[in-house]
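The structure appears below as structure tokens.
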């Protein structure tokens, strides 16, 4: 590889290191050939050890300002700092211009005009938008009718009066038996169905859980006639109500809990889909007494249940 000898002038940094033993960092001889940013080639004063540092010098040439400062390091070496600024003229409001003329105080009492990098951080401008009261009123959201329903209870628990189903009450194992026992003592038990004057008590099968075969003639209900042969079948049709607008998750137990407080229920029919098993949205509830059915219509019709408004009316009599 060809090589050649180049007669290059040593750099200023190399000469400073070579003269470090003499504690001469910057001399007039080294500064003669270095042009200043302002175009001034006048020699700089010699920085000799023990001599005081020259005062800072500021030169303005058009829109360029050059600031020259001298400092001493910990090891005693002296060096020069040259900073160049571009002067820009910007229009500001009277309030901003007035604040810039305020007298500085504290550690910045003797600082020159303008920000000091030691105590001031210059960042991007933040624009602020002030909204008047009229604009604030226009930005208000319109009142949503559904917000009024948020504070209302759609479902009420019979045990703790909370906004959840009675079957999902966390206190049903503790408060439920206590309320039932208290109701039995007062004669207001809701667990026992009301008996009609002509209704027979069902015959309980004695020891029917032993695994032995029990003939149909000895099973529970063998001494009673079939449901279709009862004389009060037609009376049930007169005390039957029709409930519509039910949710798909409604079950017979939910209807039993909803309508039991109004009276004794003889039967419940909930229309379900054959494939999915979900409710079709309507059901029929038959009471033993027509007065109980009338009270159920007055109490449940228009009631909010599972986020839906129920519609209860008299069922049309069967044509069969």
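Backbone N, Cα and C atoms are what each Cβ position is placed from, and that goes for glycine too.
For 221-233, the entry in Swiss-Prot reads compositional bias 'Basic and acidic residues'.
According to Swiss-Prot, the domain 'RRM' annotation covers 239-317, on the basis of sequence analysis. For the domain 'RRM' (239-317), the model's average pLDDT works out to 89.
Residues or ranges marked as phosphoserine by Swiss-Prot on the basis of similarity to another entry: 8 (among others).
Here Swiss-Prot flags 11 (among others) as phosphoserine, drawing on similarity to another entry.
Residues annotated as phosphothreonine in Swiss-Prot, with similarity to another entry given as evidence: 38 (among others).
Sequence annotations record features per position, and here Swiss-Prot assigns phosphothreonine to 41 (among others).
As annotated by Swiss-Prot, phosphoserine applies to 42 (among others).
According to Swiss-Prot, the feature phosphoserine maps to 189 (among others), an assignment based on similarity to another entry.
Residues or ranges marked as phosphoserine in Swiss-Prot: 223 (among others).
Other Cβ atoms within 10 Å of the Cβ of residue 264 (phosphoserine) number 15 in total over all chains. Residue 264 (phosphoserine) falls within neither a helix nor a strand when secondary structure is assigned with DSSP, and so counts as coil. If you look up Swiss-Prot, you'll see 264 (among others) marked as phosphoserine.
Per Swiss-Prot, the feature region 'Disordered' maps to 1-60 (among others).
Positions annotated as region 'Disordered' by Swiss-Prot: 205-233 (among others).
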